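What follows is a set of notes on a single structure, which appears directly below.
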Amino acid sequence: MTVADRAPLDVAIIGGGIIGIMTALGLLHRGFRVTVYERAASWPEIGAAFAFTGVARQCMERLDPRVLESLARVAQRSPHEKVRYWDGFHPRTKEAAQEESAVLFEILEKHMAYWACIRGHFLLDMAAQLPDGVVQFGKRLVDYNDDEANEKVVLCFADGSTAESDVVIACDGIHSATRKVLLGVDHPAANASYSRKSMYRAMVPMADAVSALGTEKAHVQIAHLGPDAHVVSFPVNNGQVYNVFLFLHDPNEWDHGHTMTVPSSRSEVMDAIQGWGPHIKEIVSCFPETVSKYAIFDQADNPLPYYASGRVCLAGDAAHASSPFHGAGACMGVEDALVLAELLGLVDAGPVAARQRNIKAALQTYSSVRIERSQWLVQSSRDMGDLYEWRYPPTGEDGAKCKAEFERRSKVIWDFDVDGMVAGAKKKYEHSMEA
């Protein structure tokens, strides 16, 4: 057999985000040829904040130690042993809102063991580990052809160019173009849908936060819960500024298409929290007059029936876009990346003549292994958003019930056997080869 006969698998990754670049590193680490096709013209400047659990970090190290090393360079470990969840609605004075009786429940941070980072910082650090030429910018996928008669999958881009690869991993996010091709544009799950939650963010001077909440609350991460809304807040910039995220339930449809950010106003936010305690109203009064309203989309209403078809698969948000209320959506994508890398490693080591069949078997195995856990996360995150806003009937406003439900669901995320997941996936793939 010639060297050419044993050429490594050629993998195309659609999307140069966190999961796409992480997957690329994991595959390169295993000797694959990898090309990442990113629709943007360059890397993003900053981006949102992400947090990764201990389970996700275990997956990163197994995927490629360089991934975890990148995270360690840019991440901040949670400095808080616990997060307190306060009543944002019933206290009628700022003083009452600071009393112990206003604490609904508190959660220890040791199990989730979050490391938080800015998306752009992590992405750029990982990207610096990639060889030159791996990433091609300005490549927006519009179609692909996975005809069995063709030796490779043909990718078609908006600029008129094409490319070929043995296997395609789509990490192109919540509005995945690949998902639309894989499922069909008319499939209910082809597009993510509005979760009926929106979010507003503001940076408040620390002095104003102390005035509204008190010194103790303003210097730690906390959450305030209440009817149809909740507020998550924490200090940043070495305690000089207070970062506030206010989430609202929205009974209406989102009438801005797939535009997820629209202009809004402080008065609109204030109208939504009428009846809340004076401490929350005071914090909102510190928002700038013009704010952005962020729509939260997910796949909870229309979960995908499968994540793979032929030699093409979806990973991360392209497969299971989640709301942020578990803080674990990106962690699911890390688990996806590890399973894919391990299964494709088996394909690459197998007979070249059977590669096309084996790629399909590996991707079907990946889909079957990952779909239950990742889709549980999507639905559970929806439920957690309702729990925080007293819209989840089993818990209502009861702090003890909220805590028990929070801990039960969180345990599914952090108490997870990564080695068992990988071993189970490999065993399932090997059984499919025997069929």
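Cβ coordinates come from backbone N, Cα and C, glycine included.
Database features (Swiss-Prot):
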{"type": "TRANSMEM", "residues": "8-28", "note": "transmembrane segment"}
{"type": "BINDING", "residues": "Glu38, Ala51, Arg119, Asp317, Ala330", "note": "FAD binding site"}
{"type": "CARBOHYD", "residues": "Asn191", "note": "N-linked glycosylation site"}
{"type": "ACT_SITE", "residues": "Arg201", "note": "active site"}
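Swiss-Prot feature annotations superimposed on the structure.
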{"residue": "Glu38", "record": "FAD binding site", "Cβ within 10 Å": "23"}
{"residue": "Ala51", "record": "FAD binding site", "Cβ within 10 Å": "19"}
{"residue": "Arg119", "record": "FAD binding site", "Cβ within 10 Å": "17"}
{"residue": "Asn191", "record": "N-linked glycosylation site", "Cβ within 10 Å": "19"}
{"residue": "Arg201", "record": "active site", "Cβ within 10 Å": "16"}
{"residue": "Asp317", "record": "FAD binding site", "Cβ within 10 Å": "27"}
{"residue": "Ala330", "record": "FAD binding site", "Cβ within 10 Å": "23"}
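Residues Glu38, Ala51, Arg119, Asp317, Ala330, recorded as contacting FAD, have a largest CA-CA distance of 23 Å. Mapped onto three states, the DSSP output places Asn191 (N-linked glycosylation site) in coil. Each residue contributes its Cα atom, and for Glu38 (FAD binding site) and the residue listed as 'active site' those atoms are 28 Å apart.
In this structure, the CA atom of Arg119 (FAD binding site) is 17 Å away from the CA atom of the residue listed as 'active site'. A straight line from the CA of Ala330 (FAD binding site) to the CA of the residue listed as 'active site' spans 20 Å. Of Ala51, Arg201, Asp317, all annotated as recorded positions, the residue with the shortest Cα distance to Asn191 (N-linked glycosylation site) is Asp317. If you take the Cα of Arg201 (active site) and the Cα of Ala51 (FAD binding site), they are about 17 angstrom apart, rounded to a whole number.
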